[in-house]
Amino acid sequence: MHHFQYRQGRLYGEEVPVEAIVKDVGTPVYIYSRATLTHHFQVFDGAFSSIPHLTCYSVKANSNLAILALFGSLGGGVDIVSGGELFRARRAGIAPAKIVYSGVGKTREEIDDALSEDILMFNIESRQELEAISQRAQALGRTARIALRVNPDVDPKTHPYIATGMEKNKFGIRVDEAIESYRYAMRLPHIKVVGIDCHIGSQLTDTQPFVDALKRLRILMERLYALGISVQYLDLGGGLGIPYADEEPPHPVEYAKAILKEMNGLSCTLIFEPGRVLVGNAGILVTRVLYTKTTPTKHFIIVDAGMNDLIRPSLYGAYHHIQPVVPYERDEETVDVVGPICESGDFLARQRTLPRVEPGELLAVMSAGAYGFSMSSNYNSRPRPAEVLVDGSTYHVIRHRETREDLVRLEKIPPM
Ligand SMILES: Cc1ncc(COP(=O)(O)O)c(C=O)c1O
Ligand SMILES: N[C@@H](CCCC[NH3+])C(=O)O
């Protein structure tokens, strides 16, 4: 369910015509719907209302302060993976007691910042990291609450670049090393073992891998319990997929049912780190057609958004539905929708059947709310797009379009 629908032949974000936003803000522009974001959060969070839990939105999916503040206002916490994300979360008013910190490469400076903020929990990904956090906590006179991120070695059946819970991935600690690591953690000064964590991958379209991972974590928890180590938090990560094309991922309620069934009376507070499922279909990227071009083998639609603005098609071969902002009856053709970047890998769609579009026309790239702006870059010295949050019949620019001055702001020419 999302709030980007046609009304009287024009695409709207909630009550606002997309063309009106473009007239004001230009293209390319990311547009998000507050009603959709709110609905998605409430459905996900509400699905677990029968047990103690904390929904920690995964900041990397879309890191705009307005989005973080919105989820914060709905009772959410956050999952962070860097000092930059910690800074954003705090700036958006997220309480440290609702922040969990994952990631394989936390630096000393980042660890110190998170210790000083007294976040809820570090999700530890290696022995060396555990030692580093213990040392820093001791040096700062703090106690670090920790969970070990366990790699349960289950196949999430997703794109290999975004599978994280298999033995060959860099993430987490192997299940058979976990017991020893927990015993070790219990002996370390200034470390308080409070949880167990896993995150097996992203864009999962089946509940089974989540259930399989939970089964393995349960067994581990029981073994830990037998050794006198009990944990208060069970963090199951994120990963629930969304429909981009014809995928049929489980509804959050179905996902919750499968998890709650497998919990089977296990008593602890569940933590979730959903990203994509909350924001993916709550955002679109609007781009303008610059030119069309036909070669002996192809029709190209050249638009003003490129792989620097939305890298998912180029990086993962990901599908994003593309539709005209003002649709009307016309012939269709099979096209490549490409950007202005000087790379043949710069495309938003390949071999796609679309209505025959004209230069100047607006296209909406759907399902662009997750890993869209947050993965954008300035490649080819392109200022990054504006971001807009629609709220009923009004809208707010929640990030201004970058300027050319922004591009060179941090650069300096040394004496020549
Ligand atoms: C540790 C961790 N938690 C949560 C997420 C969010 O994943 P998703 O956007 O698939 O829900 C990710 C990204 O895959 C992650 O690496
Ligand atoms: N960036 C990926 C998801 C990666 C999740 C990070 N752990 C995507 O666009 O699908």
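Cβ atoms here come from the backbone N, Cα and C positions, even for glycine.
Quick look at what TrEMBL annotates:
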DOMAIN    36-279  domain 'Orn/DAP/Arg decarboxylase 2 N-terminal'
MOD_RES   LYS60  N6-(pyridoxal phosphate)lysine
BINDING   GLY239, GLU273, PRO274, GLY275, ARG276, TYR371  pyridoxal 5'-phosphate binding site
BINDING   ARG276, ARG312, TYR316, GLU343, TYR371  substrate binding site
ACT_SITE  CYS342  active site, proton donor
Check your understanding: How long is the line from the C-alpha of GLY239 (pyridoxal 5'-phosphate binding site) to the C-alpha of LYS60 (N6-(pyridoxal phosphate)lysine), rounded to the nearest angstrom?
Key -> 12
Exercise for review: Anything within 10 Å of TYR371 (pyridoxal 5'-phosphate binding site)? Look among the recorded positions ARG312, TYR316, CYS342, GLU343, comparing CA atoms, and list what you find.
Suggested key: ARG312
Exercise for review: Would you please pick out, from the binding-site residues TYR316, TYR371, the one with the fewest other Cβ atoms within 10 Å of its Cβ?
Suggested key: TYR316
Check your understanding: Which residues in the same chain, at least 6 apart in sequence, have a Cβ under 8 Å from the Cβ of PRO274 (pyridoxal 5'-phosphate binding site)?
Key -> PHE44, THR55, TYR57, SER58, GLY238, GLY239, LEU240
**Study point:** Cα-Cα distance linking GLU343 (substrate binding site) and ARG276 (pyridoxal 5'-phosphate binding site), given in Å to the nearest integer
**Key:** 27
Point to revise | List of residues, in chain order, with Cβ under 8 A from that of CYS342 (active site, proton donor) and at least 6 apart | key: ASN380
Practice item. Under 6 Å from ligand 1 by C-beta, which of these recorded positions make it: GLY275, CYS342, TYR371? Sequence order, please. Key: GLY275
